[in-house]
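Undergrad: To start, I am sharing the structure in question, which I have written as structure tokens.
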Amino acid sequence: MIQFAKAYVLTATVFFALDYVWLTRIANDFYRRQIGTLLLDQPKLGAAGLFYVFYVAGIVFFAVLPALRDQSWTAALFAGALFGALAYGTYDVTNYATLKNWPLAVVFADIAWGTTLTGVSALAGYALSRAFGG
């Protein structure tokens, strides 16, 4: 349980930092152009927080802890990237299939970002956990 908690905090720190930069600095204009009419003026922070809590738990459970057990940074990176591609892909492809005017560009950008973000976060969570005695 202590290993999970430590890996969780370390992974979450990296995940939140990277996603914050992506959403506020890098991709903000892209999303506003593509789906601006669907966006709220202010996000629902409670719902966003709930997503982050559970999603990071998934990263740790499915990628970081198995990689620590196997002592394999490549396992952390691969499992994290796969988890990200599946999760973000499910969200975006479902939106594309069911919503009017969900842009294909958003589908590709989100899946690429989710794959990268989750893979890098899992790798960082793994490396930081090992560095701090995990």
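Including glycine, each Cβ sits where the backbone N, Cα and C put it.
This is the feature table in TrEMBL:
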type	residues	note
TRANSMEM	7-25	transmembrane segment
TRANSMEM	45-65	transmembrane segment
TRANSMEM	72-91	transmembrane segment
TRANSMEM	111-129	transmembrane segment
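Let's see these features in context: how buried, what's close, how far.
TA: Among residues of the same chain six or more beyond the transmembrane segment (7-25), those with a C-beta under 8 A of the stretch's C-beta atoms are 31, 52, 55-57, 59-60, 64-65, 68, 113, 117-118, 120-122, 124-126, 128-129, 132, 134.
Counting only same-chain residues 6+ beyond the ends of the transmembrane segment (111-129), those with a CB under 8 A from a CB of the stretch are 3, 6-7, 10-11, 14-15, 18-19, 22, 27, 56, 59-60, 63-64, 67-68, 73, 76-81, 83-85, 87-89, 92.
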Undergrad: Please give the sequence-distant neighbours of the transmembrane segment (72-91): residues at least 6 beyond its ends with Cβ less than 8 Å from one of its Cβ atoms.
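TA: That would be 55, 58-59, 62-64, 66, 110-111, 113-123, 125-127.
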Undergrad: Who are the long-range neighbours of the transmembrane segment (45-65) in its own chain, taking Cβ under 8 Å and residues 6 or more past its ends?
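TA: For the transmembrane segment (45-65), the list is 3-4, 7-8, 11-12, 15-16, 75-76, 79-80, 83, 87, 118, 121-122, 125-126, 129.
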